[in-house]
Structures are given as C-alpha cells and as structure tokens.
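Structure, as structure tokens:
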C-alpha cells in the first residue's frame, strides 16, 4: 500500500464567470447563472486529484489541515470523504471560518483568485509537530504554500529526518530559502513561481531559458527533479541525474484552468509514488490536466482514473 499525505489548504471556492474582468471602479454583468460554490484550495484539490487518479486498493490518500466550524467546513470534509480521502487528521477550529477563495474566470478560461485564509492559518508549527508520526510513515508528502510558511518549514524538516520524499508545489509564489528547497525530492513550480524562487520575478521561465532555470533550482539541492510547468506549452523537467525533456501539453480548448495545476500535481504524484518513470508520470499528468481544463469548476473538474483511461483522442501540441 502506497501512503500519500497532503499537507495544505482547504478552501470553499466562490466562483464568478464573466466575459471580461471589470476594471477598478467598474461594475459589469457576469455570465447568466455564472456563480457557483464548491470545495477547493490547493491542498484539498491535490488530495482529491491523487485519490481520483489512483486505485484505492493500493493507495491511501490522507489530508492534513484545518477547517472552520461552519457549513463550509462540513461540506469540505464530506466532499473529501466521498472522494476517498482520509480526513482523520483534519482539525476543526472553533470560532474560525473555513478558508475562502473568490475566483473570477474569464471567457478564455484564465482565472484570478483572491484568498481569505481562515482556518488555514491555524496549520501552524504545533499542528505539524503533532502530525510527525503520520508524516514519518508516508511514501510521499505533498505541500504547497497556502498555509503558514513556518509550518511548511517544520514539515520539510520532519520529512527529511524520516527519509520521506517531499513534492513541493511552491504556490502562491514566495521566495524560499535554499535549505527549504534542498529538502525537496521534487520541486514543481510554474513559469512565474520558478522566476520568483530565483529572484527574477520580472523574467518568467520560457522555452528559451527554462533549462537554465531548472538547472539553477537543482543546484540548490533538489534531490530528484525540478519540473517547471509552462501552461499550454507543457512542462519541462530536469532530473538530478541529468535527464531532461519538454513534455508537451495536450491540444484542447480550455474552458477553466482553475484546477489544472492541482490536477497535474496529483496525477504526477500518484504515478511517481508508484515507481513509474519520470517522463511517463509527466505525460500522464499532462493528459489528466487536459481533461480538467475542458470543464468548469475546481475539484469538480478533476477527472477519475477511468475517465483518463478512456480519453485516447487527446493530441499533443507540436
């Protein structure tokens, strides 16, 4: 049995769809029936992605984090359980609201997100230290940066102490110390996050510079591989043993990119945790993300393994 643990955020998504975003001081109409709510947060989305894209007979997925004592928290726990995610170590915080993300999705599928952390702010160092036994026994720990940074740092140290591989998705993007990066087995930023990690925020990764960016991030001590996602251009990887390649994205019409990155992380994590080759795992992740972007919603857009297995007509960009 492969044990995958996700430590991270859980948010309720409040989504508004619109042809274009309003400018400052401007009021516009969104799409008719364009408002929806649903479970989200990078942590929860990635846990759901791992669960839906794995076989429950050989994979256990657990969520670590906090929700508020409100209706959003109840719905979050119910949704995670329904997807087969273990929530025994999700803590309900009294007199706190569950995290909220306000998401504006344009006609092109591009999105803008505003976060209110709520109970996610209670995922502190004390919480993480109390989870040491759970972290120490997993095969892979997945983390993002929607919880307090000091909690992420402690979790990295615990995982390192027990020889547990960590996949870090450094989003939302903030600078990280070289020590923190060196505790990661897999570092998976997008083009903007990679630039911020390298203190080059004005120069996002492109096809022309992505190899140099990946090499520099590897030099900080990433143990196995750096994967830089490039949106519709795919993902570039470079491993510690020198292997590198661009894995093309699948050619589809995007409707909503909100959960594309989280689907990619979940799919890749499940595949690599089960011992699949790096490139094969990334190709699987690209296929899963291509299905996600053709649907509206966050967690609701993440496909199941059965759906992915049945989608053989996706073409790669050339």
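Backbone N, Cα and C define each Cβ position, glycine as well.
What Swiss-Prot records for 11, 12, 13, 41, 42, 43, 44, 45, 146, 262 is substrate binding site, and it gives sequence analysis as the kind of evidence. Look at Swiss-Prot and you will find 190, 229, 230, 231, 232, 233, 234, 261, 262 tagged as ATP binding site, backed by sequence analysis. The K(+) binding site annotation in Swiss-Prot covers 256, 258, 292, 295, 297, 301 and rests on sequence analysis. Per Swiss-Prot, active site, proton acceptor is recorded for 262.
Residues 11, 12, 13, 41, 42, 43, 44, 45, 146, 262, recorded as binding substrate, reach a greatest CA to CA spacing of 15 Å. Apart from 11, 12, 13, 41, 42, 43, 44, 45, 146, 262, the residues listed for substrate, the same chain places the Cβ atoms of 8, 9, 10, 39, 40, 99, 101, 298, 299 within 8 Å of the centroid of those Cβ atoms. Checking each of the binding-site residues 13, 190, 232 against residue 301 (K(+) binding site) by C-alpha distance, the shortest gap belongs to 13. Under DSSP, residue 234 (ATP binding site) is assigned to coil, being neither helix nor strand in the three-state scheme. Comparing CA positions across the binding-site residues 230, 232, 262, 292, the one lying closest to residue 11 (substrate binding site) turns out to be 262. Around the Cβ of residue 292 (K(+) binding site), 29 further Cβ atoms fall within 10 Å across all displayed protein chains.
With a cut-off of 8 Å between CB atoms and residues at least 6 apart in sequence, the same chain places 36, 37, 38, 39, 40, 41, 100, 101, 103, 258, 297, 298 near residue 13 (substrate binding site), listed in sequence order.
Take the Cα of residue 44 (substrate binding site) and measure to each of the binding-site residues 234, 256, 262, 292, 295: the nearest one is 262. Under the three-state DSSP scheme, residue 297 (K(+) binding site) falls in the coil class.
Here the Cα atom of residue 146 (substrate binding site) is found 24 Å from that of residue 232 (ATP binding site).
Proximity of residue 256 (K(+) binding site) to non-local residues of its own chain (separation of 6 or more, Cβ distance below 8 Å) is seen for 105, 109, 111, 293, 295, 296, 297, 301, given in sequence order. You'll find the Cα of residue 262 (ATP binding site) roughly 6 Å from the Cα of residue 42 (substrate binding site).
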